[in-house]
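What TrEMBL says about this one:
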- 1-20: compositional bias 'Basic and acidic residues' (COMPBIAS)
- 1-197: region 'Disordered' (REGION)
- 34-45: compositional bias 'Basic and acidic residues' (COMPBIAS)
- 65-74: compositional bias 'Low complexity' (COMPBIAS)
- 111-123: compositional bias 'Low complexity' (COMPBIAS)
- 146-156: compositional bias 'Low complexity' (COMPBIAS)
- 169-181: compositional bias 'Pro residues' (COMPBIAS)
- 249-319: domain 'Pre-SET' (DOMAIN)
- 322-449: domain 'SET' (DOMAIN)
- 464-480: domain 'Post-SET' (DOMAIN)
Amino acid sequence: MSSEAETTREISSDSSDSGREVVISPLAPCPLHELPDRRRELGLEHRRRPRSRPDPRYVGWADLPRLSAQAAPRPAAPRRGEQQNAARESSEERPARASPRPRPMARRGRPAPAAAPPRVATPPREPEPRPRKKPRRVPLRPPSSSPESEPDSAPRNVARRRRVEPVQRAPPPPPSGPPLPRSAIPLSPKQRLQRDWQAKCRAAGAAPVVVGEPGDEAVPELVDGFRWIETGYDLGEGFSQEKFEDFLVSCDCGDICEDAEACACQQELRGEDGQGPESCAYDANGLFKFDRDWGSLIIECHKRCSCRPTCPSRVAQRPRDVKIQIFKTRYCGWGVKALYDLPKGKVLGLYTGKLITRAEAAEARDPNRSYIFDLDARETDQDVQEDMKYSVDAYKQGNWTRFVNHSCESNLEVVSVFWDIPASSNRPYLAFVAKEDIPKGTELTIDYDPKAARDKKGKRRQAGGKECNCGAKHCRRRIPV
């Protein structure tokens, strides 16, 4: 019999056939239907060999003897010490075996190829020490060069030095010593203007004035050398105050003037029949009553009277107690608003400036003309001479009232008040009074021409002046200036 028909005797691992010899011959006559059972007895998997590439998990006829030996029962495992000694001796005496490779399966009708001789394993070599690489030195980049200026052809595997950004150090602390005075710190134009005006208001005992909105450094355009005057007039040459003091009439009502008919200060307001105002112009809270005809005069007590400064007849001459803010409007330049609610009849302050004659006011031109206010409360063609007509110019000196804008439906009314000069002098003070309840933040406005009349259709009768931008419902469209 040829070598291909030789039989191989192995011991099966099946528990039912333990200790029994099984003769397996690849050429022995065996029905095809018994071949899967034979493989199942040995615990093998029946697969067809793929034709495209060898499968390492494929089991053929030539592998049956080896796998049968592996399926045989193994002897008991040696103890731990004996196993270590045996492993040490086997590793020293025997070379390492190469792992068996699966043999290709012979096709049906062809003999199986001969088994390859076993590969003799060579003893392992001791690893040779690898030479240590020396670090490559890379020249530093000059300070003027940048990564963008390097050529693209530079090798990328060359180590580059990381660019170190310069450390920004904090400036050294100032030398120890006393803090700088407040006057040495530079101020912005807004802060400087606010400081000067606050000092003037504080010296007069008045409430502060705020300039501009928070965060806005814009300031009003003022002429060089503008001077703040909280109350009173700037009397130029030819004007005197002392010559009128001898004509003042004082009262002796006591601490408070309660009866206006008995108060001697109201003597100039009485007519030819001796009838005068029945009560004071203000109530107990210092609010204007609006119980008199438009354009009527108001006479208050003065320093020669016996009443106290808290007398109800002393209101317009008191220091201003309303905090005012001057702000930039959208269409009308700079304007004025109060920082809290104002009741009707509240006296806010006085219009101040330089006292000039009416002839000087007629010669004035823009922009001076826009700040001139005529003192014409008692002017008629019969009783006032031309040289006794005066005006107030607030272009170079004045207070917050010079920033009050015009409105054809104003919320303030201008009232003529006398207290330290007789009414016959025709030099009253102009007090700004709230003629309605004004909410907080509402712009304060006056009517530049309260005598202007309109016909039934609402059209203005007079022409000229400037265009009005008040936005009122019944706007007259023009402002006589």
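Each residue, glycine too, has its Cβ placed from N, Cα and C.
Curation plays no part in TrEMBL annotations; they are all automatic predictions.
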Give the mean pLDDT for the domain 'SET' (322-449) on the 0 to 100 scale.
90
Looking only at the domain 'Pre-SET' (249-319), what are its DSSP counts of helix, strand and coil residues?
6 helix, 4 strand, 61 coil
Using DSSP, how many residues in the domain 'Post-SET' (464-480) fall into helix, strand and coil?
0 helix, 4 strand, 13 coil
